Amino acid sequence: MQTFVKGKRVGYWLSEKKIKKLNFQTFVDLCRKQGIEMIQLDLSQPIESQGPFDVIIHKLTDHIVDADQNVTESLLLVQGVQDYIDAHPETVILDPLPAIRTLLDRCKSYKLIHKLEHSMEDDRICSPPFMVLKTECGFETLEQLHKHGITFPFICKPQVAHGTNSHEMAIIFSEEDLKDIKPPCVLQSFINHNAVLYKVFVVGEAYSVVQRPSIRNFPSGPTDRRAISFNSHHVSKPESSSHLTCRDNMVGQSWKPSNEVIQKISRKLHQALGISLFGIDIIINNQTGQHAVIDINAFPGYEGVPEFFDDLLSHISSVLQGQVCNGVACGHLRVNGTAQSQTVHCGMLGNDSSWLMDSEGIKKGPHQGLSCCGGCMTPNFHQHTRSSLTAETSSQ
């Protein structure tokens, strides 16, 4: 680790639940071994008295949601953090509070996805039609669905994309079940994707793709099937197995995610929001092969990503350095745990469509860098590439 990180101070605030789930103390110890001073923030006390900080890492989503609902304690805590940020523009915040607020509102994040889709002008990328429903369904609802290009079946999701209730969803198959929809919520067209979800976990310049179970295929158009309620978190667990995730009715093709497409989407989100720690849920249309972003998550759980701590330390080091490789795209490859000195372009590694199965039974794609180029992912072996996103964005 470079000497420039020694003596740097990094503040962090995560809920106790998040700290335990990530085993974050291991990361704290890793940083301290590299000479980085890690300070757990006490939000009940002025942050000014706990600083100064070169970087602050946080997951304040619970408090931000509560603050937006005028919960006094959370209002004060979030305002305290914002006051420190305003007073210390030199401190790097992972990630910016306005960006987190965007990701906590599915309406805002879906609008952003649509905007980015148009700017990318890539036929391999699509964003499902959606609309926001703020009141109970009425006679005009069908007209609104048609206006927004939403057809049956569609998914009904809570507008707030955080908390236990954010995972409670329903698939609506016909006009008859519109009366059961409880606003405020977001209605999003359902795309058949052969019951496979790809979770993209981004950390600075690196990302990993993990394959998870998802909702099975359903016939297009209205049917007499009753609405199905489900918890998306439970459905997409690695071990999930139910009638909802059954793959017996697979049709079309089972497409693998395109490395180039995922890099493009990740870079655009990074550029638009200035975020570094986020997850992207992607499904692939089983007829067209188009990649559809169906959700974006702030500071996800990184389950199935053993490189998370290494990537986070690398990103913090790059942030502290103030640049990445002097603006030149660079990277290293890790094969079976052994670091290689060469710069790697993802397209050099072939187009094998197999996926690795880790010790926990989680199906995974290779670990990539955002600046790599190439086509489909190539999981012949475990790949770990870091490259400079700064170099990519500076030329655009």
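Cβ atoms are placed via backbone N, Cα and C, with glycine included.
Copied from Swiss-Prot, the annotated features are:
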- LYS18, HIS167, LYS199, ASN297: 1D-myo-inositol 1,3,4-trisphosphate binding site (BINDING)
- ARG106, LYS157, 188-199, SER214, SER232, SER236: ATP binding site (BINDING)
- ASP281, ASP295: Mg(2+) 1 binding site (BINDING)
- ASP295, ASN297: Mg(2+) 2 binding site (BINDING)
- 117-325: domain 'ATP-grasp' (DOMAIN)
| message | Between the Cα atoms of ALA195 (ATP binding site) and LYS18 (1D-myo-inositol 1,3,4-trisphosphate binding site), what distance do you get, rounded to the nearest Å? | response | 28
| query | Does ASN297 (1D-myo-inositol 1,3,4-trisphosphate binding site) have same-chain partners at least 6 apart in sequence with Cβ under 8 Å from its own Cβ, and which are they? | reply | LEU103, ALA161, PHE278, GLY279, ILE280, ASP281
| field | Length of the line joining the Cα atoms of HIS167 (1D-myo-inositol 1,3,4-trisphosphate binding site) and ASP295 (Mg(2+) 1 binding site), in Å | value | 11
| remark: Counting every protein chain shown, other Cβ atoms within 10 Å of the Cβ of LYS18 (1D-myo-inositol 1,3,4-trisphosphate binding site) number 15
| query | Closest of the binding-site residues to ASP295 (Mg(2+) 1 binding site), Cα to Cα, picking from LYS18, ARG106, ASN192, SER232? | reply | ARG106
| Between ASN192 (ATP binding site) and LYS199 (1D-myo-inositol 1,3,4-trisphosphate binding site), what C-alpha distance do you get in Å? | 17
| remark: LYS199 (1D-myo-inositol 1,3,4-trisphosphate binding site) sits from ARG106 (ATP binding site) (Cα to Cα, rounded, in Å) at a distance of 17
| said: Considering each pair of residues in LYS18, HIS167, LYS199, ASN297, all listed as binding 1D-myo-inositol 1,3,4-trisphosphate, report the largest CA to CA distance in Å, no decimals. | reply: 19
| note | Within 10 A of the CB of ASP295 (Mg(2+) 1 binding site), the number of other CB atoms across every chain shown is 21
| Across all chains shown, how many C-beta atoms besides its own are within 10 angstroms of the C-beta of TYR198 (ATP binding site)? | 23
